[in-house]
Amino acid sequence: MTPGAEPGSGFSWPEALCAPVRALPPAARVWVALSGGLDSTLLLHLVVHCHHALADVRAVHVNHQLQPNAPETEAFCGDLCARLGVPLTVRPVDLSAASNRGRAGGLEEAAREARYRVFEELLEADDLLLMAHHADDQAETVLFRLLRGTGVAGLAGMPTDRPLGAGRLFRPLLAFNRAELEHWARLAGLSWVDDPSNTDESFDRNFLRHRILPELRDRWPGLNQRLSHAARACAESNELNRALASLQWRDLGGKGDRIPVSGLLELSLPEQKNLIRWWASERGFQAPSPGDWRQVLNDLLRAGEDREPEFRAKGFSLRRFRGCLYLVPDSPALPEEPRMLTVGESVHWAGWHIRLLPVGKATTESPAIRISTRQGGERLRFRPGGTSTSLKKWLQEQGVPPWERARLPLVFAGAGDAPELVAVGDLWCSEQYSEGAHAAGWRLVVEREFD
């Protein structure tokens, strides 16, 4: 630990550091991501001492449980927050699976993903999360992404602010070098914890920080500023690319989870990639990697009409069906057994909410309701006493993609060996159980969780 003391009564934080903190928008709660290191410790002090309008300031410490001094670091954060009167939330994360794979870069990425998952879960509407990234971090990020072969979106670096979960993330120290922050931290007499992993050059960022960037700074003074200018230029280009993609999406008739392939094929190859990249981003996913574009553009877009090809990416897949390209998020596993539904209960079924509600003063006993997926041979009857129709044929006629047909919840009413099919996902519901069908009876509500 780097020793110090609390700022003395004669010390005042410089206006240059306080200004970006004071400029933060109004918020219900302001969270500071506190690692215990120099940067986040200084940021917490700045928020407490420079922004008196922030009534509800809190801190969150993510304990990765990777370093021998992790308990001491957590205790340091607790003591610091107690002295400053700031409530602290500690969230441990388990990275043993990534650690066992043995590659430092994979562990580094897993730790980052775990942190951001914690932050997303924590933030509520109108909350802000402050992170202490600075100009040196930005330079590392831009160079690191360049070496990984990223496009202009990645080379734009870390934005000053962006949405995160239900709230927003802000980086108020992004304009300052680490040396400047350390200078003021020492003048203020602050203490902080030095993370021993920061010197481990098996991590890609540490290798850049300790081996590559010092050489580059010796050769090109003002490297941080140069890379920052390049990042801003890439951010502007990315903004234009996104605006173009949004216009083309609308012009080509894109609808949430699908876009006509014929329209995509009218675009140039760079425009096709840009539009798919924007589409994935809008749905919260990363675009296909550089090595995957050949499969996306050739196998998917130019496949024969009789084929239904698929490209799998992280968290989603791209599929082609009946002349459209679909973006399909990965879905929860289907339940292995049918589920009974009781009155007032809300059943979560592989991405669906299903409820049975009384209409008025129900005069009949609640029916036996069972939920399951397709087993084959199901038939539905649109009118009581009418002829029945094959469910398989009806789904094909409705243009329901094959991957959705297998996941639709089927709701059956009645006991015994021949219950009646009364609802098919949110596509159809029997009049007997639809809204307003009876003054006194029962109503089924079948809704997608992620619409």
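Cβ coordinates come from backbone N, Cα and C, glycine included.
TrEMBL: automatically predicted annotations, no manual curation.
Under the heading ATP binding site, TrEMBL lists Ser35, Gly36, Gly37, Leu38, Asp39, Ser40. Per TrEMBL, the feature domain 'Lysidine-tRNA(Ile) synthetase C-terminal' maps to 369-446.
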Environment of Ser35, Gly36, Gly37, Leu38, Asp39, Ser40, the listed ATP site - residues of the same chain whose CB lies within 8 A of the CB centroid: Leu34, Thr41, Leu42, Ala132, Trp192, Val193, Asp195
For Ser35 (ATP binding site), nearby residues of its own chain (Cβ under 8 Å, 6 or more apart in sequence): His61, Val62, Thr73, Cys77, Val193, Asp195
Secondary structure composition of the domain 'Lysidine-tRNA(Ile) synthetase C-terminal' (369-446) [DSSP: H/G/I, E/B, coil]: 14 helix, 27 strand, 37 coil
Residue among the binding-site residues Gly36, Gly37, Leu38 whose Cβ has the most other Cβ atoms within 10 Å: Gly36
